[in-house]
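**Student:** What TrEMBL records for 44-295 is domain 'G-protein coupled receptors family 1 profile'. What TrEMBL records for 28-51, 63-81, 101-123, 143-167, 203-228, 240-263, 275-297 is transmembrane segment.
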Amino acid sequence: VMLASGNSSAHPEYFSLLGIPGLKNSQFWIAFPLCAMYVVAIIGNTTVLHIIRIDHTLHEPMYLFLAMLAITDLVLSSSTQPKMLAILWFHAHETEYHVCLIQVFFIHAFSSVESGVLMAMALDRYVAICFPLRHSSVLTPAVVGKLGAAVMMRALLLVSPFCIMVSRMPFCPNQIIPQPYCEHMAVLKLVCADTRVNRAYGLFVAFSVVGFDMSVISVSYVMILRTVLGLPSGQAQLKAFGTCASHICVILSFYIPALFTFLTHRFGHHVPGAVHIMFANLYLLVPPMLNPIIYGVRTKQIKDRVIQGCCGKDP
């Protein structure tokens, strides 16, 4: 059924999300590890948020950025996983047109926010290690709040045009999206019009966000490395390396699957659909699951709080 106010704005009432092409018979079982990862992501990130909220000694830049990361991870994973599990377990393939566009917005906006928060965390590590005496005066709570607001505003301004441009285009009769969630390129492939401007804008947003953030992260870590290698004490060097190692693991777990998914959508026509979809799922699920585990294990204050809570001791 097509809704139209003139042919130029014709769009379907719903899309049909197929799930994981090529693994139809295995989808029911694949959903179980995906569900387990989602549960770990929800519990882990809510625990981190709760600990940071109740412990006033953790109201410092590093932990405030970690709280932002936890909120972003909760939104990012929850924007896809419940619907994905419904598709894989209950064959709930239909998704309403506007719900699909909202999902496109949330996936791309909060991927951009996650990238921006990782960049802000790299800046925080840079100031903390290279200028330790000035850290508290440079990264005040007000500056942290402004950085967070800037990252959020960037996402809103860059990603909103995706949905606005797509919503004004006519769609072909084909309403099938061969994956378990709505994503910009997947929806764009169903448009019956010239989509070169949309594709070019998508490339511009992806490369400008990732390019800028990765440049800042890389420069920060080069400067950190120079400072760390100049430290007189081997123990101090190890401690600084340990702090940065967890952050680098988080960065790689986010950017590698994200870049693979992005490039495969545009250039990887020979990559099997199942491989592409599984990577696309992992990029929206692995970082939200790993972030609280990595930071929880690496951060003594958070680890101590979790142990106290589990053992029933007062902090």
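For all residues, glycine too, the Cβ spot is worked out from N, Cα and C.
Remember, predicted model here, so these are calculated numbers, not experimental data.
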**Student:** Do any residues of this chain, six or more beyond the ends of the transmembrane segment (143-167), have a C-beta under 8 angstroms from a C-beta of it, and if so which?
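**Tutor:** Residues 9, 11, 61, 64-65, 68, 101-102, 104-105, 108-110, 112-113, 116-117, 119-120, 123, 184, 187-188, 191, 197-198, 201-202, 205, 208-209.
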**Student:** Would you kindly list the residues that approach the transmembrane segment (101-123) from elsewhere in its chain, counting only those six or more residues past its ends and only Cβ-Cβ distances under 8 Å?
**Tutor:** 62, 65-66, 68-69, 72-73, 75-76, 79-80, 83, 95, 144, 147-148, 150-152, 154-156, 158-160, 162-163, 166-167, 181-184, 187, 205, 209-210, 212-213, 216-217, 220-221, 247, 250-251, 254-255, 258, 284, 287
